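Trainee: Here it is, the structure in full.
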Ligand SMILES: NC(=O)c1ccc[n+]([C@@H]2O[C@H](COP(=O)([O-])OP(=O)(O)OC[C@H]3O[C@@H](n4cnc5c(N)ncnc54)[C@H](O)[C@@H]3O)[C@@H](O)[C@H]2O)c1
C-alpha cells in the first residue's frame, strides 16, 4: 500500500521504515532539509539499534524514499500519517501547531481520496480539528477520512516494539478507513483493537499516564523502604509477581524523563482540567517524579557531606539506555541541581554527548567513563547503559578522589560494591 509518513523523527522514521519492511511502498517526509539529506545519503540522523541497516535494505529495494515535499508524498499515497512533534508549551499544553501545519498542507495537496492518520500523541478530540483544517484547505472538496493510530514504541527497542507490538490501536470513523488500516497492519501479528477516534486518542494518553504512575508508585515505595530498612528490589519482585500488577515499570530510580512521559502526563492533566476534572492522582505522579530527582541529589550530598566544591562524575545522560534522546532527560535536571549546590560536574554517555552539548554547551564532557571518574569526589549513575555494567570497578575506584557511588538505577550489587571499597548507595535499598 502507498504510505506517506509526515515527520521523520524517532517515531516517523521507525514507523515508515517498518511499514516498508513489511512490504509497503513508503515515502518519509520532513521539513528539516538536513535530516532528509542525511537519510538520502544513506546515513541516519538518530541513534536507534538496527534502524540504519533496515533503512538501507528497504531503500535499496525501492520501498522507502525520503523527501521534503509534503505535496509529493500526499499525491502518491493513500495513507497519510502525521508523526510530527507535539512538544509542551510553557503552560504544559501540547503545542499542536505542527499538526495543524501538516493538516493545512495535506488539505491543499489533496488530489484524490485519502486517509489521514494521527500517529503523533495528541489530546482527545484533536481529530476534529485535523478534519476541520484539512477541509478548510481542501478547495476541490475531495473526500477523505481521519483516523487515529497511536504509537507505543519505545526508543532503544523501537523496531521490535513496532513489529511485535502488544496491540495495534485503530480509531476510525468509516468502514473504508477500518478496512484499509487493517490491510496495512495485516502482516503484523498482533491484536488489533478498532475503536472510535476519541477512544484511540485517549488510549495513548491513558497508557502513558498509567505507566508513569507505576514508576512514581515504586519510587514512593522506595522512600518508605529507605526509612524502614526494606529493599525496594525485593518489594518490587514481591508485588510484581502478582499477575494483576506485573513486574514491568516497577524499577525505582532517579525518575522518568524522555519525550513521552513528562509531556504526556502534563498534557493529560491539562486536558482533564479543561473538561472540568481535577486529575489529582496524576499531579501526585508528576510531583513524586520531580521529588525523586531532588532526593537523589540530596542523597549524594549526604554521602559526600557537602557538594560545594566537589567534583561529580556522571555516568549516562540520555533519558534511558540505547537512545541518544536527551529530551526531558533526568540528567539535565540533576546536573542543574548539583551545580546549584556548588558542585562541578563531568559527564560521560556512550552516544548522547553530541545531543547533550546542544542543550548543555558549558558542561564538561569526558571521553570515557573512567575519565568521568578521574579525580571525582563521587560518581552518580543516571542511565543504565550496558557499557557501565562491564566497567572495571577496581580501576574506577583507584581513579576517584573519594569512592562515593550513587547508583541511580539500582543496577549494581550493593554487597559487591561495598566489598570493592565503595561508599555505595542505591535508591530504596
Ligand atoms: N519518541 C517516542 O518514543 C514516541 C513514542 C510514541 C509516540 N511519540 C509521539 O510521536 C510524536 C513524534 O515524536 P518524535 O519523538 O518522533 O518527535 P521528533 O521531534 O523526533 O520528530 C518529529 C519530526 O517532525 C518534523 N516536522 C515538524 N513539522 C513538520 C512539518 N510541517 N512537515 C514535515 N515534518 C515536520 C520534525 O522536523 C521532526 O523531524 C509526538 O507526538 C510524540 O509524543 C513519541
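Cβ coordinates come from backbone N, Cα and C, glycine included.
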Trainee: Report the candidate from 89, 101, 310, 320 that shares the substrate site with 152, 153, 154, 155, 204, 249, 250, 251, 252, 253, 257, as recorded in TrEMBL.
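Mentor: Given 152, 153, 154, 155, 204, 249, 250, 251, 252, 253, 257 bind substrate in TrEMBL, the matching entry from 89, 101, 310, 320 is 320.
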Trainee: Which residue of 63, 311, 327 does TrEMBL report at the same NAD(+) site as 30, 35, 86, 121, 155, 263?
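Mentor: As annotated by TrEMBL, 30, 35, 86, 121, 155, 263 share the NAD(+) site with 327, chosen from 63, 311, 327.
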Trainee: Helix, strand or coil by DSSP: which one applies to residue 35 (NAD(+) binding site)?
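Mentor: Where residue 35 (NAD(+) binding site) sits, the three-state DSSP reduction gives helix.
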Trainee: With DSSP as the yardstick, break the domain 'UDP-glucose/GDP-mannose dehydrogenase C-terminal' (313-414) down into helix, strand and coil residue counts.
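Mentor: Secondary-structure composition of the domain 'UDP-glucose/GDP-mannose dehydrogenase C-terminal' (313-414): 35 helix, 18 strand, 49 coil.
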Trainee: Please report how many Å separate the Cα atom of residue 152 (substrate binding site) from that of residue 30 (NAD(+) binding site), as a whole number.
Mentor: 21
Trainee: Based on Cα coordinates, which of the following binding-site residues are within 10 Å of residue 260 (active site, nucleophile): 30, 35, 250, 252?
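Mentor: So far as Cα distances go, none of the binding-site residues lies within 10 Å of residue 260 (active site, nucleophile).
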